[in-house]
Amino acid sequence: MNAIKSEIYPVIWKNDQVLLIDQTRLPNEYSVVEISRSLDMAQAIKTMIVRGAPAIGVAAAYGMYLGALEIETDQRKDFLQKLEEVAQLLQQTRPTAVNLFWAISRMLKTAYESLGTVEEIKAILLKTAQDIQQEDLETCYAIGKNGLSVLPSEPHQLRILTHCNTGGLATAGYGTALGVIRSAWQSGRLLRVYADETRPRLQGAKLTAWECVQDNIPVTVISDGMAAHCMKQGMVDAVIVGADRIAANGDTANKIGTYSLAVVSKMHSIPFFVAAPLSTIDFELPNGEQIPIEERDPVEIYQVGKTVICPEGADFYNPAFDVTPAELITAIITEKGAFKPSDLSLLMSR
Ligand code: MRU
């Protein structure tokens, strides 16, 4: 058994404010940003101080509570109307990760269904944000455990390739795809992680590698374009990625570059797994075509750090996510077990 620390919590509620690990500064600097206004939370989500679908959901839930505290009325109707405005502010931050919308709508529903005074509703909202956070942590542990049962049985010690960051930093803690990797490591079934650097924001190189190093998990960072070569060389036994939104048929939006990984995995007969909580499944969308894809500032493409790397006069395109068709996915690992994409509908009523 390998020991792991895994105590990475990107969102912490403390002394009436939210503490966020500033993920834009890792791995060179570990710093914490204090958030006490809903507007600042919206900005933190937009600028990716906090990022990763489940972590964004948790942060937005606390953002709703901070917004509720800012509302100065004891009239329930006025309060709910103003809370809707807070919801809109937070919803406008990032369009693809459905956990954001899921968490905000759970907070709103809680407020509407609570019949108490405004003060009592506020207290229930804090409790709901804390529940969302705690549930996500437990969900990640369950995903980690369920993932173990679908990993290839041979070789015993696997080399797993992953993309972006899906660890403690991207969730309430522990992680989804990286949660499965952590569980594999703990149970002696992991030899090494290959972490795609994940252009343009480098979540793999900066965050996944950092998390692995914290837990002494052997990690090799590769550039995104090297994945196919590594597979061809027989260096990869399985690929596990996270998800930002999964449509009802299993089509999966995740960090840009995931789709090409899935295609290349198929080419080399390497199993390709998606690990995500049920809160990432959007049963309202029949397939991936309707998933909104965030386009981010082209500066992320033409500049690395402070250095401009492209000539003036070039054009740029910067979609932050792509959609992997369900047929390329071996299984979707959730807290309720692992499912073939075509069986996702079994989860609808759970
Ligand atoms: O743009 P990001 O860093 O928020 O994108 C994150 C991803 O694409 C993750 O793979 C996904 O959110 C799953 S995190 C458990």
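Just so it is clear, glycine is given a Cβ too, placed from its N, Cα and C backbone atoms.
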Substrate binding, same site as Arg51, Gly52, Ala53, Arg94, Asn254, Lys255 - TrEMBL member from Gln157, Gln186, Gln203: Gln203
An 8 Å radius from the center of the Arg51, Gly52, Ala53, Arg94, Gln203, Asn254, Lys255 Cβ atoms defines the neighbourhood of the substrate site; name the other residues of that chain inside it, in order. Ile56, Ala97, Cys164, Asn165, Thr166, Ala170, Gly242, Asp244, Ala320, Phe321
Rounding to whole Å, the Cα atoms of Asn254 (substrate binding site) and Asp244 (active site, proton donor) are apart by 5
Please list residues from the chain of Arg51 (substrate binding site) whose Cβ is under 8 angstroms from its Cβ, counting only those at least six apart in sequence. Gln23, Ile45, Asn165, Leu169, Ala170, Gln203
Specify the count of other C-beta atoms within 10 Å of the C-beta of Cys164 (site 'Transition state stabilizer'). 29
Secondary structure of Arg51 (substrate binding site) (DSSP, helix/strand/coil): coil
Could you measure between Lys255 (substrate binding site) and Cys164 (site 'Transition state stabilizer') for me? Cα positions, answer in whole angstrom. 6
In DSSP terms, helix, strand or coil for Arg94 (substrate binding site)? coil
